[in-house]
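As recorded in Swiss-Prot:
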{"type": "TOPO_DOM", "residues": "1-11", "note": "topological domain 'Cytoplasmic'"}
{"type": "TRANSMEM", "residues": "12-34", "note": "transmembrane segment"}
{"type": "TOPO_DOM", "residues": "35-80", "note": "topological domain 'Lumenal'"}
{"type": "TRANSMEM", "residues": "81-101", "note": "transmembrane segment"}
{"type": "TOPO_DOM", "residues": "102-117", "note": "topological domain 'Cytoplasmic'"}
{"type": "TRANSMEM", "residues": "118-138", "note": "transmembrane segment"}
{"type": "TOPO_DOM", "residues": "139-157", "note": "topological domain 'Lumenal'"}
{"type": "TRANSMEM", "residues": "158-178", "note": "transmembrane segment"}
{"type": "TOPO_DOM", "residues": "179-194", "note": "topological domain 'Cytoplasmic'"}
{"type": "TRANSMEM", "residues": "195-215", "note": "transmembrane segment"}
{"type": "TOPO_DOM", "residues": "216-260", "note": "topological domain 'Lumenal'"}
{"type": "TRANSMEM", "residues": "261-281", "note": "transmembrane segment"}
{"type": "TOPO_DOM", "residues": "282-318", "note": "topological domain 'Cytoplasmic'"}
Amino acid sequence: MAPWAEAEHSALNPLRAVWLTLTAAFLLTLLLQLLPPGLLPGCAIFQDLIRYGKTKCGEPSRPAACRAFDVPKRYFSHFYIISVLWNGFLLWCLTQSLFLGAPFPSWLHGLLRILGAAQFQGGELALSAFLVLVFLWLHSLRRLFECLYVSVFSNVMIHVVQYCFGLVYYVLVGLTVLSQVPMDGRNAYITGKNLLMQARWFHILGMMMFIWSSAHQYKCHVILGNLRKNKAGVVIHCNHRIPFGDWFEYVSSPNYLAELMIYVSMAVTFGFHNLTWWLVVTNVFFNQALSAFLSHQFYKSKFVSYPKHRKAFLPFLF
């Protein structure tokens, strides 16, 4: 790789700057939550911004000004509707370019350039980005199915800022994946005779990890949904119960751990070396760790008999 290309590939482009900023924000928030109770800032607005669902309803007194910005947590499905549509469109554009030689729409190519997508991406394999975009779309489709048919949402809330962030998040993730495609002008650039010639061992490993992580996340969501249903599958209440089974035996929020592993599987599919995607993974790590920590606190405060050996997010560690 030419020195100028290597420098461009390693530069802090706008896309990396966004993910680095989000990572720093979630890390700082997590560190603040880990402070001893007496040192933790008591700002109600701050706590309202970072909590959602059961961890929000556990707050003793929420000002009316905070409640004015509540959005039902069941609106989580909107995130995945947007993701399925948007990332499905991006996948269609990439498929057209890879297999039919059709150029990206000019507005999309311009947007990718603004975000920092570089020509040729330093030898990045087009197959890697294609597989990751497929994984992202399948993940979003499964999560949409779970929101509609598996999960049982109570009347708990999320902040409107969290809702807006969720809507933008999967749009940004999809653009991040597409920006890793090696480009020749407005067309995807394929090194070698065809796309399948780019197949590597890490593509197989990444696919296996994705399937494994997705299966565990689905199982954990089924366990959570069944806590509110009878044996016939009918919802009988919306109370919280202690979940057992699968990864719940090790951590309080295995669905968050599985989410992290899904993104790690995509990093593996990129061949381990994609710095931009590792910034995405790091953001997911601190984001999910924060949510898991708050959920762990909720469970321990609500249930006296909560298993002492369970960690919040990482088995045996945290």
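Including glycine, each Cβ sits where the backbone N, Cα and C put it.
Residues 10, 15-16, 19-20, 23, 124-125, 128-129, 131-132, 135-136, 139, 173, 176-177, 179-180, 200, 202-203, 205-207, 209-210, 212-214, 216-217 of the same chain sit 6 or more residues outside the transmembrane segment (261-281) yet have a Cβ under 8 Å from a Cβ within it. A Cβ distance under 8 Å defines the sequence-distant neighbours of the topological domain 'Cytoplasmic' (102-117), meaning residues of its chain 6+ beyond its ends; these are 11, 13-16, 90, 93, 96, 175-176, 178-181, 183, 185-188. Across the topological domain 'Lumenal' (35-80), the prediction's mean pLDDT works out to 78.
Beyond the ends of the transmembrane segment (81-101), by six or more residues, the same chain brings 108, 126, 129-130, 133-134, 136-137, 140-141, 143-144, 167, 170-171, 173-175, 177-178, 181, 187-188, 190, 195 to within a C-beta distance below 8 angstroms of the stretch.
DSSP assignment over the topological domain 'Cytoplasmic' (179-194) gives 0 helix, 4 strand, 12 coil.
Within the chain carrying the topological domain 'Lumenal' (216-260), a Cβ under 8 angstroms from the stretch's Cβ atoms is held by residues 54, 142, 146, 150-155, 281, 284-285, 288-289, 291-292, 295-296, 298-299, 302-303, 305-307, 310-316, all 6 or more beyond its ends.
Nonlocal intrachain contacts for the topological domain 'Cytoplasmic' (282-318), taken as residues 6+ away from its ends with a CB within less than 8 angstroms of a stretch CB, comprise 19, 22-23, 26-27, 29-30, 33-34, 50-52, 54-55, 58, 240, 242, 247-253, 256-257, 259-260, 263. Across the topological domain 'Lumenal' (139-157), DSSP assigns 11 helix, 1 strand, 7 coil.
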